[in-house]
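A.B. asks: Quick one: structure below, then a few questions.
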Amino acid sequence: MAVYGPGFLLGFLVFLGMQLLPPIMAECPLKLSGSNVTLAASLCSNNDDRGKCCRYINAFIAVSIAQYANSTSNLGVPSNLSDICLHSISQTLELYGVPRNATAFCGFGTKIPVNYECKGRTTVTQMLRSPKFIDVMENCKVPLSEESTCKKCLNAGIVYLHHLLGTEDNITLSTCRDATFAALASQVDDASAIGIASCFFQVQGLNILPVSEPSPSSTPKASPSPLVASSPSQHSLGLPISEKHHSYHLTMVPGIGIAVTAVAVMMLLVLIVLIRRKSKELLESENIDKKSSKSFPSTPPMRKFQEGAPSMFRKFSYKEIKKATETFNTIIGRGGFGTVYKAHFSDGLVAAVKRMNKVSEQGEHEFCREIVLLARLHHRHLVSLRGFCSEKHERFLMYEYMANGSLKDHLHSPNRTPLTWRTRVQIAIDVANALEYLHFYCDPPLCHRDIKSSNILLDESFRAKVADFGLAHASKDGSICFEAVNTDIRGTPGYMDPEYVVTQELTEKSDVYSYGVLLLEIVTARRAIQDTGIW
């Protein structure tokens, strides 16, 4: 490992700090509507309306980006202005009464960004020229005030995103949905843009007026907090965001320069210490993995699990799995959460091993809690969990092996013998029994969220079992209820309830909708989404 001199590192860090100064001097070009912010504030102050709160914040930021795209053709601000705009908008939201914990709950900056990059597309022109976008424009012609025209527009958007993204994570799906809206709204006048936003985000009452300066003699009528109304800093909201922070930036430049220099010196000292310890850390990394593996079973959820788990369920070692999968060369499937291998263990067990993606940010306690939950699920129409492994920063789940593969293979593979009607009816009944168990007899009840033909597996007798119920949602406190829950968007286009895509509020009805699509797929042997459109 190359070790650079302190002079070189100090020079590099100072240069890096100087590169950070120009973006700080920049100004955010986005302009918000004051009435929109106060409307969001009134919703965000109520914990029961957090789902609506997130939709309103998402909507009025998307409208401001659409206005920006109308003049620049860019789907959001440049990357060097992203942090400035996030800070400016956060300050504006807070001054108008939106709680900080509400913006954190909504994922402002991650799930609700200020620049929409969708599969490398960063401009309106690139979105308009992408395949299938013409269908979205045809189905989203304003006005969209009627429920039927709005649903037609949303369905066209789902089909477009399915062709564009395939199976992507929920944040990418949300960002591309917002990019689709911005591209559409940038092509129409402001009033029509508000109409499209009302359909896309299921919100009412938005407008496109800029933030106005409050009257000195009166306080804003819609202000949710007297402190906000009387705050002297609120007069700055009468200016666009770019003007509001101009003087602030000028006064901060000297302090920032000093801070960057101090941070550079501190980082230099830290780097010297880290370089000296690097070789020692590399030698100890294996020991750290072993300690992590040993500590895993000692967590409270795992102790609870070990007391009541069946004997057939056990913890596997990484070495066992590597040998059983022939060094991970027996791939039988891939999904959004990992790769599946066929494994032959030395004791004769044949299992399907799911190797979780390394990008997962799931914590150890949460992973342990999910294993406890999955191990408690026992039903003849749910794929059984045989064991797990958590070693070498890897996580595996072992499921029973289903000899006849997935229902999708039998319905859509040309070389397969068509299923008989008796078998198809029995498969539909089996899946319904599994959903009934998840919805009504689990403790706590679960929503699957991704019912589709590829998640229906068939054993040697063509008995259907539902897989991937690890995606299911259950409250952390174990409460048994089925109230609407605000969640990330998860599922497969074509099977997802359009209302769930818009509101992000999950109920058991979303599974029922997906099951209805699955029934049509079983009867017609056609895919949920065809190139010619939705059937």
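All residue numbers here begin at 1 and follow the chain in the order shown.
In case you wondered, yes, glycine gets a Cβ from its N, Cα and C as well.
Feature table excerpt (TrEMBL):
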BINDING   Lys354  ATP binding site
COMPBIAS  212-233  compositional bias 'Low complexity'
DOMAIN    326-535  domain 'Protein kinase'
REGION    212-236  region 'Disordered'
SIGNAL    1-26  signal peptide
TRANSMEM  252-275  transmembrane segment
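Set these features in their place in the structure for me.
C.D. replies: Under a cutoff of 8 A between CB atoms, and with a sequence separation of 6+ in the same chain, the neighbours of Lys354 (ATP binding site) are Gly335, Phe337, Gly338, Thr339, Val340, Phe396, Leu397, Met398, Tyr399. Following the DSSP three-state reduction, the secondary structure of Lys354 (ATP binding site) is strand.
In the predicted model, the domain 'Protein kinase' (326-535) shows an average pLDDT of 82.
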